[in-house]
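TrEMBL feature annotations, pasted as is:
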type	residues	note
TRANSMEM	81-102	transmembrane segment
TRANSMEM	130-151	transmembrane segment
TRANSMEM	181-198	transmembrane segment
TRANSMEM	241-264	transmembrane segment
TRANSMEM	276-299	transmembrane segment
TRANSMEM	331-353	transmembrane segment
TRANSMEM	368-388	transmembrane segment
TRANSMEM	442-461	transmembrane segment
TRANSMEM	467-489	transmembrane segment
TRANSMEM	501-525	transmembrane segment
TRANSMEM	531-552	transmembrane segment
């Protein structure tokens, strides 16, 4: 007998979008919270399904394809270009929104705290300023963490591992929903304003992917609206092509690097690639960086000069005085080695931390408390470092946004404050471009050490945040320190410019953490607007990747593995050549015959042991002597419809 409950069970096993309402019922089951969740990262999780990349060939599909004539195919092609342009425009606008809101809110926060510190420096009682700063940070981060932990947990982190899985062909629940986009954007604004050691660049990639998935499908599950446009693209193949375009548009909006975006999509993302795709993705990236550029230029009041191509602008490096000589090549290689070792250390620490989080900090309320704790600690560390630093620099000729005087003489500012009392993006640019002598080596050393642990602790919190900028900042700090010590050793020769080594250090550190080679080289070249350093950056990144891979895998791959996602790598494991399919299949195989009774189909669908999403269809022959011949495959979603 078919009770409604057994129908619900059939619906639950499926992962198609047809039964949204049924899937909502599933989530209302009360969950018991154990204290420790035993987590084994060697096992694969059952909650992930694959995207159906190949079209399911059957008579209906073939008839539908035959109905489409030549003109209709033309319009489909035009629609593809239109969608790519829309992806670019919307991604650029989202990036503008994030940038403008962060700039205004962070500026407000820093002005309040600076006024407070200046007031209390004169009459004593600086602990009030510390309290104010820590409370502001913790409360902002609390809001950002609550929306992520309680409304949409997929929006946590940078979203790059999730998009990587999606493009690899693994369907991660809710990863390209509109709700995820809203939470992601709000969350990243709040976490950057809350002063955490995070960047707003990583989440742009996720945002671009969500925008692409939403536009190309012409409907929204979160709004429960269907706009009845672009219905031809409602298949996983097409959706995935557009998502890779969205990810590329996100990269190019974040760094002002359209070519870097295309290469990122190619290197980190898609497992399937074709020639037309490259051109369309490049188009989307170009449009996205142009949109961002024009809107931000109008916002900054110089409408015609298009001066801000990306969210982060490393500023222009002056090529005349900043070439490199042949004897610097070994130095660059050495920096790559250091970056690889530090990156491997970062990843190993983050691995243990994430294992601890999965086991013990799995309730949303605990996650929010941890995020607030990190925010308060970050503010406290920053304050104590500024307070203890006696490194004063003259104010004139410097480009500091919020100069803190504290205990310096009049007309001077505290140089530790330029590093901590600022959004990370600005700090990176300062480290690249401040003239030699504007930082004390002691200041830089302490800053690198502290920021390394803060960034490591922050990545993997339940807030939306990228790891790009913090790793660039750590690398730029130790790279500049390296450059200062070099010029000290060589008695201040012209080639030992600290800014150049800051750039190499930043590349080495980022390469050591995320292990991207090709796309990262191009992104760094486009963001600095300088081709001269192409070779050194490539050397540094390759060295960092080789050294880092010797110890531990990249941060994103590690997080994919920790979430037990069945991710397929480029190559099969070496030992797998001797395996055959029958050794890994479960027996007996659940098959359907060509003519089948409804009862049998319902039984197979509601049987929990055969939780498959596709079933082989075999020839229904009366005598059991011959082997049944395979006729094709039918998906669970088709059967349910």
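Each residue, glycine too, has its Cβ placed from N, Cα and C.
All TrEMBL annotations are machine predictions without curation.
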Could you check if the transmembrane segment (241-264) is in contact with the transmembrane segment (501-525), meaning 3+ Cβ pairs under 8 Å among residue pairs at least 6 apart in sequence?
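Contact criterion met.
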Near the transmembrane segment (467-489), which residues from the same chain, at least 6 beyond its ends, have a CB less than 8 A from one of its CBs?
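Counting only partners 6 or more residues beyond its ends, the transmembrane segment (467-489) has Cβ contacts under 8 Å with 158, 197-202, 254, 312, 331, 335, 338-339, 342-343, 346, 419, 424-425, 427-428, 431-432, 436, 439, 441, 444-445, 447-448, 451-452, 454-455, 458-459, 496-510, 513-514, 555.
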Given the transmembrane segment (331-353), which of the listed stretches 81-102, 181-198, 368-388, 501-525 has the most Cβ pairs that are under 8 Å apart from it?
501-525
Under an 8 Å Cβ to Cβ limit, what residues of the same chain, 6 or more beyond the ends of the transmembrane segment (531-552), are close to it?
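317, 319, 322-324, 328-329, 332-333, 335-337, 339-341, 343-344, 347-348, 351, 500, 503-504, 507-509, 511-513, 515-517, 520-521, 524-525, 558.
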Can you work out whether the transmembrane segment (81-102) touches the transmembrane segment (442-461), with the criterion being 3+ CB pairs under 8 Å where the paired residues are 6 or more apart along the chain?
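As far as Cβ distances go (cut-off 8 Å, pairs 6 or more apart), the transmembrane segment (81-102) and the transmembrane segment (442-461) do not touch.
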So are the transmembrane segment (130-151) and the transmembrane segment (368-388) touching or not, going by 3+ C-beta pairs under 8 A with a sequence gap of 6 or more?
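Contact confirmed: at least 3 Cβ pairs fall under 8 Å.
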Count the CB pairs under 8 A between the transmembrane segment (442-461) and each of 276-299, 368-388, 501-525, then give me the winner.
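The listed stretch sharing the most Cβ pairs with the transmembrane segment (442-461) is 368-388.
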Apart from its near flanks, which chain residues at least 6 from the ends of the transmembrane segment (368-388) lie with a Cβ under 8 angstroms of it?
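126, 129-130, 133-138, 140-142, 144-146, 149, 194-197, 357, 361, 404, 406, 414, 416-417, 420-421, 446-447, 450, 454, 457-458, 461-463.
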